[in-house]
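One structure is given below, encoded as structure tokens.
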Amino acid sequence: MKKALLVVSFGTSYHDTCEKNIVACERDLAASCPDRDLFRAFTSGMIIRKLRQRDGIDIDTPLQALQKLAAQGYQDVAIQSLHIINGDEYEKIVREVQLLRPLFTRLTLGVPLLSSHNDYVQLMQALRQQMPSLRQTEKVVFMGHGASHHAFAAYACLDHMMTAQRFPARVGAVESYPEVDILIDSLRDEGVTGVHLMPLMLVAGDHAINDMASDDGDSWKMRFNAAGIPATPWLSGLGENPAIRAMFVAHLHQALNMAVEEAA
């Protein structure tokens, strides 16, 4: 039976960032199941259109990729999401998998990065590996994307766990709670004298470059600076962290093992 591995991410239009993060994840996932042929899909229609119009590069949606795999005779397909939370983008994959499940003998789906309590614990350990050495009055602030979906609560949960465990970092979100102003007020009250800004995103794309690290007056860097807390931005996506890539590999194999147990 022909076997495939389909790695699905939101996507990025930055080629170097894609190589450092998405390709790095794909490489580790593919190495963990060498009997499968590797394929890629993006969930962002906007990024797919931009790559097609700007670069002439065609990337499939998950639905298109699965339809092509079925047409090519793949009957055992393992999908791994590279999303951070179980939000709208991941639910899009779930719906498309359910729709096309009858076309395959076996179709598995590995969950996003933050899907269980243990994932939060492991993520904090993984983040520690990429954090710079800090003075006593410094902290790292991680920028999450945020969401209108109820899964936005994952960012507040991670932030709460960090605070409760005296982990030297906080988490905010660009498009939902916790807003950066809340973090600025809280850190100022704590007497924090400097922060390091890092993306809590698979890739360091538009949000990290413009909303986090730019000299624009509304960027997180400038807002911390204006509040008297010097901010140093770091432009590296989570996909560059080997420990985080290992979490995605573990999720892939959890889904595959569960499918074996259910079939037994």
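Residue numbers in this text run from 1 along the chain shown.
Placed from the backbone N, Cα and C atoms, the Cβ positions cover glycine too.
Note that the coordinates shown come from a computational prediction; the quantities given were computed from them, not determined experimentally.
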- Let me know which member of Glu175, Glu179, Glu190 Swiss-Prot also records as binding Co(2+) at the site of His145, His207. Glu175
- Query: To the nearest whole angstrom, what is the C-alpha distance linking Gly45 (Co-sirohydrochlorin binding site) and His145 (Co(2+) binding site)?
  - Reply: 17
- Tertiary neighbours of His207 (Co-sirohydrochlorin binding site) (same chain, Cβ under 8 Å, six or more apart): Met143, His145, Val174, Pro199, Met201
- So around the Co(2+) site, His145, Glu175, His207 aside, which residues have their CB within 8 A of the centroid of those CB atoms? Met143, Gly144, Gly146, Ala173, Val174, Met201, Asp211
- Note on the structure: Widest Cα pair spacing in Å over the listed Co-sirohydrochlorin contacts Gly45, Ile84, Ile85, Asp88, Glu89, Lys92, Leu202, Val203, His207 is 22
- Query: Fewest neighbouring Cβ atoms within 10 Å: which of the binding-site residues Glu89, Glu175?
  - Reply: Glu175
